[in-house]
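Trainee: Features from Swiss-Prot:
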BINDING   Asp11, Ala12, Gly13, Asn14, Ser15, Arg16, Ile17, Lys18, Thr129  ATP binding site
BINDING   Tyr96, Gly103, Ser104, Asp105, Arg106, Thr195  substrate binding site
ACT_SITE  Asp105  active site, proton acceptor
Amino acid sequence: MTSGAPCLLIDAGNSRIKWALVQAGGSQIASGALTHGGEHQPDWLSLPTPGGAWLSNVAGESVARRIAALLEARWPQLPLTTISACAQQCGVTNSYTAPHMLGSDRWAGLIGAHAAFPGEHLLIATFGTATTLEALRADGCFVGGLIAPGWTLMMRSLGEHTAQLPTLDASAARGLLDGSTRDAARRGPFFATDTPRSLSAGCTLAQAGLVERMWRDLQDEWQVPVRLVVSGGAVDEVASALKVPHTRHDSLVLSGLALIAAGRAAERGA
């Protein structure tokens, strides 16, 4: 990566691709997102040439090929580094029995969270295609995590595997979770009076209940305050039902990628 040049960061998740172009000092020049499939293209035409691109990809080889083609079309021969989890990096220690098996998005998110909230014990909840929880001690030790079906996947699964329940997508479910429904669910107990609202509210509360349970359990086990950090595509819906304090951060993975890139550049003396 060229010294002093901006860096292109790419977070390829299961539902969409997020990207950001950042200065060497960390300030953001531009950012955007696109869905999977060829109909959407990133708005890179007006951007300066980066020194390199850094990719976290959990969406598979076809998405990796698409990203490589997009980069080659805009910036031929641009260096591309695809990250993977490791045992230790940027002040975070990975306690997975096989560290490389941890998803690169979760790894970058842990690094981003550790830097964003220094000296704090964290529970990181990410509401994407899957809902993931990560327990991160203040010293940077990632002790482990949980993976559950995401909010949208949970609703779709019920619709596809039952005879009479509707299949709700995120847009339809959001329309059912209006302000009064969310307020009632937060006050609790909440019981809906039609099937679509029963499904959307039930899946929302299932997500919130998992997070609240683990946040309380973690504080009981560690006997210290734990900050709950939330993010992801369904964060608005799930966070609206949470009854515990939480902090939203929408760019943990990209922030972690920036730190990984900066650390690698420092190692190389770039």
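Note that Cβ sites are derived from N, Cα and C of the backbone, with glycine treated the same way.
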Trainee: What is the total of other Cβ atoms whose distance to the Cβ of Ser15 (ATP binding site) is within 10 Å?
Mentor: 18
Trainee: What is the interatomic distance between the Cα atoms of Asp105 (substrate binding site) and Gly13 (ATP binding site), given in whole Å?
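Mentor: Answer for this pair: 8 Å between alpha carbons.
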Trainee: State the three-class DSSP label for Gly103 (substrate binding site), counting H, G and I as helix, E and B as strand, and everything else as coil.
Mentor: coil
Trainee: Please list residues from the chain of Tyr96 (substrate binding site) whose Cβ is under 8 angstroms from its Cβ, counting only those at least six apart in sequence.
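Mentor: Result: Ala85, Leu102, Phe142, Gly144.
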Trainee: Around the C-beta of Ile17 (ATP binding site), how many further C-beta atoms are within 10 angstroms, looking at every protein chain?
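Mentor: There are 22 such Cβ atoms around Ile17 (ATP binding site).
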Trainee: Can you count the other CB atoms that lie within 10 A of the CB of Ser104 (substrate binding site)?
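Mentor: Cβ-Cβ neighbours of Ser104 (substrate binding site) within 10 Å number 22.
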Trainee: Identify all same-chain residues not among Asp11, Ala12, Gly13, Asn14, Ser15, Arg16, Ile17, Lys18, Thr129 whose C-beta atom falls within 8 angstroms of the centroid of the ATP site's C-beta atoms; report them in sequence order.
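Mentor: Near the ATP site, beyond Asp11, Ala12, Gly13, Asn14, Ser15, Arg16, Ile17, Lys18, Thr129, sit His36, Val58, Ala59, Asp105, Gly128.
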Trainee: For Ile17 (ATP binding site), which of the three DSSP-derived states applies: helix, strand, or coil?
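Mentor: The residue in question, Ile17 (ATP binding site), is strand (DSSP, three-state).
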Trainee: What are the non-local neighbours of Thr129 (ATP binding site), defined as same-chain residues 6+ apart in sequence with CB under 8 A from its CB?
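Mentor: The list for Thr129 (ATP binding site) reads Gly13, Asn14, Ser15, Gly150, Thr152, Leu153, given in order along the sequence.
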Trainee: Restricting to the chain of Arg106 (substrate binding site) and a gap of 6 or more, list residues whose Cβ falls under 8 Å of its Cβ, or answer none.
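Mentor: Once residues fewer than 6 apart are set aside, Arg106 (substrate binding site) is near Ala85, Thr126, Thr132, Glu134, Gly145.
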Trainee: Measure from the CA atom of Ile17 (ATP binding site) to the CA atom of Thr195 (substrate binding site) and give the result in Å, rounded to a whole number.
Mentor: 33
Trainee: Measuring Cα to Cα across Tyr96, Gly103, Ser104, Asp105, Arg106, Thr195, which the record gives as the substrate binders, how far apart are the two most distant ones in Å?
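Mentor: Max span of the substrate binding residues, Cα based, is 40 Å.
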